[in-house]
């Protein structure tokens, strides 16, 4: 009973934080249409803007080190969540209140960068709380690992639930409200999160207290020591490479569906809802049935499934399903959203593995480093996607080369499987972690 009561404040803070994190797809759907229809950007520019806005995510290790080492009013997690929410609010609200004629691609890019800066700071603090809570001592080491996995699954479900509602409302709202009205709504929601967060005292979360108050320099040194562990550095390197090597074609597919196929925004919203629902279901299934499967095997299987869906997208673009009697909008609803979120399936088992490997006192900086490596990989993937689209001759009005691009994308997806040995088995990872603790 006492353990359940202790977990309630954590779940409230994390539930809200990760739900808002998932709900960010609501304004970003409006951003896509605003850039395409309001500012008349082409597919390559849209994709470059989408990926360049993620640059603040690359600096996540810095935010992690700050949250680990720098306390604000005796707290080192809650204040950073509040700061992140406030930064996001002061980026979306100005975009919403500016005159449309005064908004340029450069202006909106700056505000999107500020928004993602706030989001990355909040995400780092939330991820650190999850990692720290997994370090709480329990009656057995197995139960501790189980508790960590359950909390990971809980926040995964919270984020997915936010994504489901965000995509559903976004798909419906884009036809009924202007993008700026949607930006204003999300900005006000962030202000509400800020107000609810600042009234929480971190001691109510019962997080483990650090035995030392390490400075930034010492915390950075500790991170470097942790990253020298082969099981950690090899895993992170492979995981980031498994994303960066895949040329993303999200901007191209968005234009293909909306401009060439004339798919309505509500259909795209429903498609993304199905994708987010799949993420939510994945969190539940993983927590109940898949935690015992070695991470290497599970992640590799997801990588193969991603390639299969890319081949399916190629058949869709070539009109194979249409000839079989399946309307384009049916495929978009049932498979396009799922195809977009499949690459995120790997993050849950991988984050659980890293949380098990992470030593006490370095949770924020290590988890932040992992997320920044993934963010950088997405940026590289997006740039490769722009290059691939140019190579196969895809433009805003010409999509004949898109099937070839999707085939190349699928081939690049299976290439990392040849080095999947970089991910340790969970049992071995735990054993190494215990040996390291004994040496300390």
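Each residue, glycine too, has its Cβ placed from N, Cα and C.
In TrEMBL, annotation is done automatically, which means it is predicted and not curated.
As annotated by TrEMBL, transmembrane segment applies to 151-170 (among others).
A Cβ distance under 8 Å defines the sequence-distant neighbours of the transmembrane segment (182-200), meaning residues of its chain 6+ beyond its ends; these are 9, 12-13, 16-17, 20, 23-24, 26-27, 30, 78, 81-82, 85-86, 88-89, 91-93, 95-97, 170, 173-174. Feature annotation from TrEMBL assigns transmembrane segment to 182-200 (among others).
Summarising the annotation, TrEMBL assigns transmembrane segment to 232-256 (among others).
The transmembrane segment feature in TrEMBL is assigned to 268-286 (among others).
Tertiary neighbourhood of the transmembrane segment (298-317): same-chain residues 239, 242, 246, 253, 256, 290, 328, 331, 335-336, 338-339, 342-343, 345-346, 349-350, 399, 402-403, 406-407, 409-411, 413-414, 416-417, 420, 423, selected by CB-CB distance under 8 Å and a gap of 6+ residues from either end. Residues or ranges marked as transmembrane segment in TrEMBL: 298-317 (among others).
Positions annotated as transmembrane segment by TrEMBL: 329-354 (among others). Remote same-chain partners of the transmembrane segment (329-354), defined as residues 6 or more beyond its termini with a Cβ less than 8 Å from a stretch Cβ, comprise 127, 148-149, 152-153, 156, 167, 232, 235-236, 239, 242-243, 246, 250, 253, 257, 261, 263-264, 267-268, 270-276, 278-279, 282-283, 286, 290-291, 295, 298-299, 302-303, 305-306, 309-310, 312-313, 316, 321, 366-367, 370, 374, 423-424, 426, 429.
Under 8 Å from some Cβ of the transmembrane segment (366-394) lie the Cβ atoms of residues 43-44, 47-48, 50-52, 54-55, 57-65, 120, 123-124, 127-128, 130-131, 223, 226-227, 232, 236, 239-252, 347, 350-351, 354-355, 358, 400-402, 404-405, 408-409, all in the same chain and six or more residues away from its ends. Marked as transmembrane segment by TrEMBL: 366-394 (among others).
According to TrEMBL, the transmembrane segment annotation covers 406-424 (among others).
Between the transmembrane segment (406-424) and the stretches 151-170, 232-256, 268-286, it is 232-256 that has the most C-beta pairs under 8 angstroms.
Nonlocal intrachain contacts for the transmembrane segment (232-256), taken as residues 6+ away from its ends with a CB within less than 8 angstroms of a stretch CB, comprise 32, 36, 42-44, 46-47, 50-51, 226, 299, 303, 306, 313, 317, 336, 340, 343, 346, 350, 353-354, 357, 366, 369-370, 373-374, 376-378, 380-382, 384-389, 394, 396, 399, 402, 405-406, 408-409, 412-413, 415-416, 419-420, 422-424.
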